[in-house]
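A short write-up of the structure that comes next.
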């Protein structure tokens, strides 16, 4: 399905390469035959004959053709005419190609097709007419293609569809009408398409859907109505689609969803209502969606969530509610969502979360609460979320982490707390997070870390503490982090690291100490990258060990790193890692690595 389950252009390209086999002919003799005794290839085209399938493909793509080439072999199975300048297709243009089952006319500046243009194509299976300039199609255009299974009319200028346009296409499986200018569709335009599985109507100007429109599409599996101008979802519109699995209603102007609008859609697995103007959800908005797995409601205007709103969605796995106007999460807001794995509530206006708000979310693995203004979280608010492995609380106005804020999160792997105003973290408030692998406290207001803050975090690998106000770290604060691999302490106010501060970090490979107030430092063995620039280094005897280490390990302490650059116009960006001396006066401004060895002879 276009833009949702795979690009038709990709299918076309793959088919092209499959068609190119050992019998591919091109170049020296444009009129060469497909094989020694086969039919002649048109002069302006290239032909490929597949011995295994006994199929002939004719490639006339992007040849600047203004009319169809002469001499297309009658045995042709696939004909590629895309990327030309054909303008129109005359009557009976393909009448001798009764074996044709694939015809590609996309991107050929077509403005019209004569009513009899497809005469003789009774075995045609795939027809690509997308990316042209078609404004209308004759009512009987497709009566000569009864075998058609896939029809793509996307990205044209169609403003209306004639009654009976698709009559007789009982085998049609995939119909793409997306990205046209359709405002209203006739009630019976899809009548007779009983085998249709995928219907794309995205990118049009539809303002409403009449219940009769989708009658007879009982086999439909996927319906894309995104990027239209729909203002509401009314009851009974989708009642005749019992097998529909995916419904896209995103990027419309929907302000309201009628009660029981999706009743009877037991097969629906994916419902996208994001990027609309929905202001509220009722308790009976989603009844009947017993098989729903994904519900997307992000980028709406929802201000509150009522208890039991999602009570019937027992098999829901993903619920997206980010970028709304939700102010509070009350008790049992998500009751009934026992199978939910992903919950996004980012970028709302949530200022209060009640204890019990997440009751029943036994299987949730990822929760995003970032971009709200929580200020504080009640203790035990996450109790019962033992399977949660990623918790996002970035940019949430948090000022303090209490002792039992994260109680119950025994399975948490990643905790993101960056860009808050955290100035206080209570001792052992992280002690229950024994499975934690990554902790991000970047860009807060921490001035010190409690001695036992990391007690119990023996699995932690990534610790990010940059852009705080740390002036010192006690020598045993990092002791429990024996598996730490990556430590970022940049952009703080650290002066003199305690002796042995990093000695217990035997697996440490990345250490960032740039932009602190360090004057001396003894490097840690085993490091693979060490950042030290923007410190007021005292380049006297205490720094000799660092000088020797930097000179012996230029890959660990590089003078600069060039950022990977992509694109023709991309300018390389260099990150410098200077060890600039602030003193003594005779070496001030020099890089430690450039100072003569003689200055350290008496050290």
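Each Cβ is built from the backbone N, Cα and C atoms, and glycine gets one as well.
Annotated features in Swiss-Prot:
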DOMAIN    535-603  domain 'LRRCT'
CARBOHYD  64  N-linked glycosylation site
CARBOHYD  85  N-linked glycosylation site
CARBOHYD  96  N-linked glycosylation site
CARBOHYD  368  N-linked glycosylation site
CARBOHYD  515  N-linked glycosylation site
CARBOHYD  578  N-linked glycosylation site
CARBOHYD  586  N-linked glycosylation site
REPEAT    219-240  repeat 'LRR 7'
REPEAT    339-360  repeat 'LRR 12'
REPEAT    411-432  repeat 'LRR 15'
REPEAT    459-480  repeat 'LRR 17'
SIGNAL    1-23  signal peptide
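Across the structure, residue 96 (N-linked glycosylation site) and residue 85 (N-linked glycosylation site) place their CA atoms 22 angstrom apart. Rounded to a whole value, the Cα-Cα separation of residue 515 (N-linked glycosylation site) and residue 578 (N-linked glycosylation site) is 11 Å.
With respect to their backbone Cα atoms, residue 578 (N-linked glycosylation site) and residue 586 (N-linked glycosylation site) stand 18 Å from each other. Fewest Cβ neighbours within 10 Å among the glycosylation sites 64, 85, 96, 578: that distinction goes to 64. Checking each of the glycosylation sites (64, 368, 586) against residue 85 (N-linked glycosylation site), the C-alpha distance stays within 10 Å for 64. For the repeat 'LRR 17' (459-480), the model's pLDDT averages out at 96. Residue 368 (N-linked glycosylation site) sits 52 Å from residue 64 (N-linked glycosylation site), taking the Cα positions as reference. Fewest other C-beta atoms within 10 Å: among the glycosylation sites 368, 515, 586, that description fits 586. Distance noted between the C-alpha atoms of residue 64 (N-linked glycosylation site) and residue 586 (N-linked glycosylation site) is 73 Å. In terms of DSSP secondary structure, the domain 'LRRCT' (535-603) contains 22 helix, 13 strand, 34 coil.
Taking H, G and I as helix, E and B as strand and the rest as coil, DSSP gives the repeat 'LRR 17' (459-480) the counts 0 helix, 3 strand, 19 coil. According to DSSP, residue 515 (N-linked glycosylation site) sits in a coil region rather than a helix or strand.
The helix, strand and coil residue counts that DSSP assigns across the repeat 'LRR 15' (411-432) are 0 helix, 5 strand, 17 coil. Residues in the repeat 'LRR 7' (219-240) partition by DSSP class (helix H, G, I; strand E, B; coil) as 0 helix, 5 strand, 17 coil.
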